[in-house]
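J.: These came from Swiss-Prot, pasted as-is:
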type	residues	note
CARBOHYD	ASN147	N-linked glycosylation site
CARBOHYD	ASN257	N-linked glycosylation site
CARBOHYD	ASN435	N-linked glycosylation site
CARBOHYD	ASN503	N-linked glycosylation site
CARBOHYD	ASN620	N-linked glycosylation site
CARBOHYD	ASN686	N-linked glycosylation site
REGION	179-185	region 'Involved in fusion and/or binding to host membrane'
REGION	264-271	region 'Involved in fusion and/or binding to host membrane'
REGION	731-784	region 'Hydrophobic membrane proximal region'
REGION	764-784	region 'Hydrophobic membrane proximal region'
MOTIF	881-884	motif 'Golgi targeting'
MOTIF	920-923	motif 'Internalization motif'
SIGNAL	1-71	signal peptide
TOPO_DOM	72-786	topological domain 'Virion surface'
TOPO_DOM	808-931	topological domain 'Intravirion'
TRANSMEM	787-807	transmembrane segment
Amino acid sequence: MSPCGYYSKWRNRDRPEYRRNLRFRRFFSSIHPNAAAGSGFNGPGVFITSVTGVWLCFLCIFSMFVTAVVSVSPSSFYESLQVEPTQSEDITRSAHLGDGDEIREAIHKSQDAETKPTFYVCPPPTGSTIVRLEPTRTCPDYHLGKNFTEGIAVVYKENIAAYKFKATVYYKDVIVSTAWAGSSYTQITNRYADRVPIPVSEITDTIDKFGKCSSKATYVRNNHKVEAFNEDKNPQDMPLIASKYNSVGSKAWHTTNDTYMVAGTPGTYRTGTSVNCIIEEVEARSIFPYDSFGLSTGDIIYMSPFFGLRDGAYREHSNYAMDRFHQFEGYRQRDLDTRALLEPAARNFLVTPHLTVGWNWKPKRTEVCSLVKWREVEDVVRDEYAHNFRFTMKTLSTTFISETNEFNLNQIHLSQCVKEEARAIINRIYTTRYNSSHVRTGDIQTYLARGGFVVVFQPLLSNSLARLYLQELVRENTNHSPQKHPTRNTRSRRSVPVELRANRTITTTSSVEFAMLQFTYDHIQEHVNEMLARISSSWCQLQNRERALWSGLFPINPSALASTILDQRVKARILGDVISVSNCPELGSDTRIILQNSMRVSGSTTRCYSRPLISIVSLNGSGTVEGQLGTDNELIMSRDLLEPCVANHKRYFLFGHHYVYYEDYRYVREIAVHDVGMISTYVDLNLTLLKDREFMPLQVYTRDELRDTGLLDYSEIQRRNQMHSLRFYDIDKVVQYDSGTAIMQGMAQFFQGLGTAGQAVGHVVLGATGALLSTVHGFTTFLSNPFGALAVGLLVLAGLVAAFFAYRYVLKLKTSPMKALYPLTTKGLKQLPEGMDPFAEKPNATDTPIEEIGDSQNTEPSVNSGFDPDKFREAQEMIKYMTLVSAAERQESKARKKNKTSALLTSRLTGLALRNRRGYSRVRTENVTGV
């Protein structure tokens, strides 16, 4: 047996153990000149000793080894053999030989394992356990679905939009206004407005015939017949003019722009009537079940728009008496803009309490449909799954599910438009896309999908498949002669009579998210199922192929193949057509493994070991077992693996978690696993990833469709009502009412009623009155000026002052006329002494004139001074005669003006009377002195 070698790695060389082990190495280097790489021996270190000493040492060691081997039986060794590698920062693999000299024990302690490798002890199989390879399997064939059919589809939904048509509204706007005329203002005290329907006779004979409308309105209110006239004048036909403002899709015509109102003379009430004939072309809307329709004016007509007198239309709904409804065949309506007659049509007229509405009658079945097209899909795949049809539409990212039975469209009320429209769409798509590559298979098919959708489907078949089917059909007809089969009293699925439910309707959901989720689920399911099916089939085929390979490789290396198949370390051997296996237990923690540094056979120069030599040492004292290192850390309990020695020998062996490198059958160094390149025997599984599917924002019903669901469009009604005043009345025109103008109008009407002569006189009178009114107007205008008002104020103030003084003068004339007329003459009367009687007689009164009284202020008056009674009486007579003279002159003047005899005669008589009364004497003016 060759000497033992060892290798180790040291970090702390100053330790006592290192120095002691170094002595041991020097000792062993004298025994074997070629030290292992990394063992610490730098040279051959040949130490010549005596032959006796060498043999003594060898015999001692060999005897100890033999004793240890003999003392341990194989069975007890396998029972106690375990591996427990030690672990440290720098661990050396060591081997402990149990009881022996301390040199061998030190060598074993110095070799610690670097990591925790797992080693297996594989005893040779004895044939007690045999196995065999499973024969090849039959791989399954998976089908994801059946009856896949491609085609074209048109999807329909419930029609929730209103039926729209044009209607014409005829009415007269009657406004009666009562106004109070003040001195400088006008006030409306009452206003009555009403809409009056226009009779159908006036529409047909006047409006649509001449483009005019009467200014007279006749209507019934409070069960009484009432008439109104525009501007309170005699009725006349007035031309219809277009309105100033029109909304989208609406036009209107009317007869006047003004609202008539009368302002009378101040302090009176006047009433004015305005009649405006209005014709509006508006939009009418009706929703299912079409028993009424609404107008954009806000009015609701409780009659079906399809009510008529022919083709059974009289069965439609109506809430009005028949005398209010009129239908004319071939009626030609007049275009009020171009004045041209339109094409003949069946025209309906309905008279309501407030308006007359007219519209063109059309049959119901040709105008409305309870279903409407939602989407056209050019490529659809239909498959049968779980007794249902699934229509997959990738362009819409949706999947619709329906029953396998076709749906009869005749069950749905007013669904006659679906097949005709769908057929036209399918023909167009087929002609433009599939005409050269596919053929149609049968007629179009109709299915009711979940959610209330109707799918009209046209199956298609590619030309290549069609040719294969034809060839197969020809082959079958050739091989099998035609035989007559007894007819069975059965029907095909499509011809099964279905009990129809009258007037059935469907309700479509407003969201299509459920179909999109169904499409996503089906897409994921299809992808996963297809992937799993391919994996299963490929896996089965791969197993069959690997089985054939393993069957051929088992004779070469049965242990490796058996370990791979059984997923555990075993030892195998071929025994004919079966394989004998034995289990390979792991070494426990109470064992150590020593790797020797030489692979040469001791005593031979041509024989070498093909695997490194090892020694398995039990730490519990059970002994040491010699063997070889097998593949993949397998420990072989024999040293039978030999080979001829070759030159340039280089080998790498896995030992634990590292590779050990041998060159020329000598240990060189240890190599880490990651420093050795790796080639993989595995085949990557190429799987297709799940494709990205984005949800498209699909709308079943658009915003316009949802807005059209109601009977009335309130936005259009509000727009029309707010525009009504702008369309038919001039809101910018202002009429200034004048009381003088009212007087003139009243006088003019009065003179016009007197005939031609009265009108001539009226012109003269109205001219003079107009001049007077103009003067008054100018005066009032002057007063309205601030400066004119100030001047008038000053004049009024001056007039008041003058009036005050005049009033005082008149009072003075009344109380003392002589003082007022002769203030200087009567001035001396104020100077009479107190107590003096002005009428008392005095001596020599005739000699002293009255003017001398009080001539001198220093002369005291005489007690007997006073007035002369005769003079006083003469003065009285003179005043009387002056009054008579004044009266006579006035009478004569009047007589001359009037040229009347009685007045002249009276004047003459008055003069004669005055002449007969001349018995007075003249008052002396000079001073009379006494004789």
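Quick reminder: no glycine exception, Cβ is built from N, Cα and C everywhere.
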J.: Comparing the glycosylation sites ASN257, ASN435, ASN620, which residue's C-beta has the most other C-beta atoms within 10 angstroms in this structure?
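T.: Selected residue: ASN257.
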J.: For ASN257 (N-linked glycosylation site), just give me the three-state DSSP call.
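T.: Going by the DSSP assignment, ASN257 (N-linked glycosylation site) belongs to neither helix nor strand, so it counts as coil.
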J.: Limited to the motif 'Golgi targeting' (881-884), I'd like the whole-number average of pLDDT.
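T.: On average, pLDDT over the motif 'Golgi targeting' (881-884) sits at 75.
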J.: Give residue numbers and ranges for long-range contacts of the region 'Involved in fusion and/or binding to host membrane' (179-185): same chain, 6 or more residues beyond its ends, CB-CB under 8 A.
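T.: Those are 261-272, 737, 739, 742, in sequence order.
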J.: Do me a favour and check the Cα-Cα span between ASN257 (N-linked glycosylation site) and ASN435 (N-linked glycosylation site); whole Å is fine.
T.: 65
J.: According to DSSP, which kind of secondary structure is ASN435 (N-linked glycosylation site) found in, if we only use helix, strand and coil?
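T.: The three-state answer is coil.
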J.: Given ASN620 (N-linked glycosylation site) and ASN435 (N-linked glycosylation site), what distance in Å do their CA atoms have, once rounded to a whole number?
T.: 91
J.: From the DSSP assignment alone, can you count helix, strand and coil residues within the region 'Involved in fusion and/or binding to host membrane' (179-185)?
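T.: Output for the region 'Involved in fusion and/or binding to host membrane' (179-185) reads 0 helix, 3 strand, 4 coil.
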